[in-house]
Amino acid sequence: MNSGIDLEMSFTQGVQNLGLSHELAHLLWIPLPMLLVLVSAVIGVLVTVWLERKISAAAQQRIGPEYAGALGILQPMADGLKLLVKEDIIPARADSVLFTVGPILVLVPVILSWLIVPFGQNLLISNVGIGIFLWIALSSIQPIGLLMSGYSSNNKYSLLGGLRAAAQSISYEIPLALAVLAIVMMSNSLSTVDIVEQQNTAGLLSWNIWRQPVGFIIFWICALAECERLPFDLPEAEEELVAGYQTEYSGMKFALFYLAGYINLVLSALLVSVLYLGGWGFPISIDWFSSLIGLSIDNPLVQIIAASLGIVMTILKAYLLVFLAILLRWTTPRVRIDQLLDLGWKFLLPISLVNLLVTASLKLAFPITFGG
């Protein structure tokens, strides 16, 4: 958008105009970004599950959910309530501690990763300087929980699923990190807010997808593999492993895996939006919009409208990618485990290294275009 958009300042000034102190106005602002992220995560999962069911039904020439609310929109809530009231069973010969900790260790890093997702300049919980690498570090914890769940179940299918999950994550974590490193090199920052602001200097044409098309493809493939979406759902392949590492789980513990998968998918789509598609930026200039309605860009009304449009743009870009991921799941065949590992180690890793080298060379040759 524009460096002048500061929703926090506009909010505090508006509250102060009502007669409240600056300290109280700032205190009232603090929970708002957290509330936005929490609501976005919950609604994001519900909408994604509903889209998954409807798109899969369309792909298979079915109607899909239609009785739970209008167009079946309440079906995800019904699924959640069903899992909540089901009996929580721990297998007799399973390691009960690891069996319980595993799903928690899978879900918690995904939720913590939402700390660094910006919906606007001040609409994020934590603008840490190493935000994007913090996400990579947190995502590397998840396979430990998957392996722990597979091992503790005392089931051969669960163990194989856990081992596959660990191998898949290691194979795709490295090219994903190298693709992110190319973005960091151009942006001169690890902050997600700085990366978005750097993409909005010249509108649509300054988005990183035009300067990093190869990196965008690598990142998206690796993100799908990290989310274990088809064609990369080898750890839970139904035809081979029953349900993989989830085989022995039921009730709320199974729901944690279910929830983590969809939260991770929405999170990955949001990060692609932030890193490559300009985040909250949109083609219409805020300066042009403010002059059109005859108000200054510092006007609180313009600030609120601009921030709201930014949130909408971020979500629209993310859900375009979510729609693509769901469509891929129901229209592509599953790859074999050897093909999956070959793709990660023999293709994506060398290509991501070459992409990083080319980015460094272009940064030296064209410092203005590539963020010198």
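Cβ from N, Cα, C; glycine included.
Taken from Swiss-Prot as is:
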{"type": "TRANSMEM", "residues": "27-47", "note": "transmembrane segment"}
{"type": "TRANSMEM", "residues": "97-117", "note": "transmembrane segment"}
{"type": "TRANSMEM", "residues": "128-148", "note": "transmembrane segment"}
{"type": "TRANSMEM", "residues": "166-186", "note": "transmembrane segment"}
{"type": "TRANSMEM", "residues": "204-224", "note": "transmembrane segment"}
{"type": "TRANSMEM", "residues": "266-286", "note": "transmembrane segment"}
{"type": "TRANSMEM", "residues": "308-328", "note": "transmembrane segment"}
{"type": "TRANSMEM", "residues": "348-368", "note": "transmembrane segment"}
Leading stretch by Cβ pairs under 8 Å, where the reference is the transmembrane segment (348-368) and the options are 27-47, 204-224, 266-286:
204-224
Surrounding residues of the transmembrane segment (308-328) on its own chain - C-beta under 8 Å, 6+ positions past either end:
1, 5, 36, 40, 47-48, 51-52, 55-56, 59, 118-120, 123, 220, 224, 227, 229-231, 265-266, 268-270, 272-274, 277-282
Long-range Cβ neighbours of the transmembrane segment (97-117) (under 8 Å; 6 or more residues past either end):
37, 40-41, 90-91, 124-128, 131-132, 134-135, 138-139, 141-142, 144-146, 148-149, 151-153, 192, 245, 248-249, 253-254, 256-257, 259-260, 263-264, 267, 270-271, 274
